[in-house]
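Right, one structure below, let's go through it.
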């Protein structure tokens, strides 16, 4: 009698986005079971001398191009934090809106995670420093070059999504008991 081989695990490609009006980090990873693989990452920079609408268009057009190039199955965006500078918070909100809209327009499901949730998923503590996050991203994704912190943060958002996705899948299969 032949034993049945375990079912093949699906590979899911995810785009992580760390939105900002000046610099938006992005990172693409693949998850197969609990294995993660780095695909690409980078930063979208806008010209601060341009108008806000022009900068948002650059952000939208570039994110759309990334969606066409990398064909992610899902996307994840870091939630906005509120700081003392109301104008800066509003501009960050504009960029975040574009980061949520671009994948949605291509029918790519979008998840949102707060900074503490991302740090907890990647480092194990919600109070992790940027250096700790970057170190763990490099450990979890060998080959990622992380030229800018924004790209590392975007990859961390994608890793967080992969972990949360795996947990939800285990609950749905009944593999985890309450």
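The backbone N, Cα and C atoms fix where each Cβ goes, glycine too.
Residues or ranges marked as Mg(2+) 1 binding site in Swiss-Prot: 18, 150. Taken from Swiss-Prot, the feature active site covers 18, 78, 150, and the record attributes it to sequence analysis. The Mg(2+) 2 binding site annotation in Swiss-Prot covers 78, and the record cites sequence analysis as its basis.
Neighbour density for residue 150 (Mg(2+) 1 binding site): within 10 A of its CB lie 24 other CB atoms from the protein chains shown.
Under the three-state DSSP scheme, residue 150 (Mg(2+) 1 binding site) falls in the helix class. Over all protein chains present, the Cβ of the residue listed as 'Mg(2+) 2 binding site' has 24 other Cβ atoms lying within 10 Å.
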